[in-house]
Amino acid sequence: MSRFSGALQLTDLDDFITPSQECIKPVMIDKTKSKTGAKITVQADGYYEQSESGKQKLQKVEITLQDCLACSGCITSAEGVLITQQSQEELLKVLRENQTLKASGDNDQVRTIVFTISVQPLLSLAHRYDLGVEEASRYLAGYLRQLGADYVLCTKIADDLALLECRQEFVERFRDNAELSMLSSSCPGWVCYAEKTHGNFILPHIATTRSPQQIMGVLVKQLLAEKLGVPGSRIYHATIMPCYDKKLEASREDFYSEVNGSRDVDCVITSIEVEQMLQAEEQTLQQFEPSDIDWPWTDQQPEFPVWAHEATMSGGYAEHIFKYAAKELFSEETPNELQFKALRNRDFSEISLEKDGKTVLKFAIANGFRNIQNLVQKLKRGKGPGYHFVEVMACPSGCINGGAQVRPTTGQHVRELTQQLEELYKQLPRSNPDNSYTKQIYTDFLDGAHTDKSLELLHTSYHAVEKLNTALNIKW
């Protein structure tokens, strides 16, 4: 079963290849003279060259995640390569090394270990271990501290900032050119697909606001580092996310800080990888001492450790921005609960605002690769349905059904599991991004809202990847 989202697995019919067959990245091979009659044998623990002079173990070829992001040879390269920096094995290795340094008293080399947990994995793990969501957050925090975490954070502050930045970006774009549809940017599977498949045509439509994961990266490596009095490079920042595509996002060069000399997010592990780590130890979450989620950002702390955002399960972009734009642009109040109308399938829905008999705002939510393809093709043909904003997620049902969420139990359908997670989500307290926490972050860290610093740290850019027509890309 593929681990990455549909948008990363497939573009055109001729696009699905694996690196072991046709990856176009050149690998430097040191040529050595060997005697005639040498042969290569493969054993369980590696590759060996056997000749009259004896056996020699050959070096393993490694292609990093960054190689795949910079390569237009295929959209699925990341599935078949050795992901050297985005795995539970690498995470556990770093944690063990850090514990050894602490034990030896080598404090100059010890790193501060920070974990950030997204809400969707909490839902998945709560369901898996039959816990309440808040309960699951405390047990998971306890488990991570047992592994060596110094801080365990939630994404609430970054979720709030992402909504505030994205809504302001939409209003500014609408006032400048109401005809240009704006597409959300928080899904890395969608962004990577857009860069590699539709390039310069689609990229101007995509919001520049960073995803909550990458906003957390900035806050951890800069604001938290400042509060702790350590350089950002001395913090190891790991996130727990609902999909493997987040590993690709963390590996983008755009999110490497020259100031800190490190990535904003060092490692991404997923819901299912947490489950695997627990299974390897023959443990469950309930077996660890519960611990509180940390809140190092502001003077006051939120009442709850875990929050929902609007009614949608992928951050609430369409709903929140629609409400804000209706009031900001047209002085129209909207209901607390918006009713999106499902169209051909449950993963594509829309809502509109009418004023004086005219449709002044039209928003949509497009989940899943099929709906993304249809949306992009309509935009390309100039026959789009006139959406001003579309919340785009590569996974059917959005982030709550991310490709790295814990799998259904035997006999349970994915849709049934998704509905159960949705019910858990609806029970969470609803966060309003216009709160004292975000206001303090803007004042103390970002020099205010809509400033050069907030634009630099909370926004990003995209890069069209040109298709390379090489012999390796030709299908016969």
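Using N, Cα and C of the backbone, Cβ positions are placed for all residues, glycine too.
Cross-referencing CYS154, CYS243 with the [4Fe-4S] cluster 2 binding residues that Swiss-Prot gives (CYS187, CYS395, CYS399) picks out CYS243. Cβ-based crowding with a 10 Å cutoff singles out CYS187 as the top-ranked of the binding-site residues CYS187, CYS395, CYS399. If you draw a 10 Å sphere around the CB of CYS243 ([4Fe-4S] cluster 2 binding site), it holds 30 other CB atoms from the protein chains shown.
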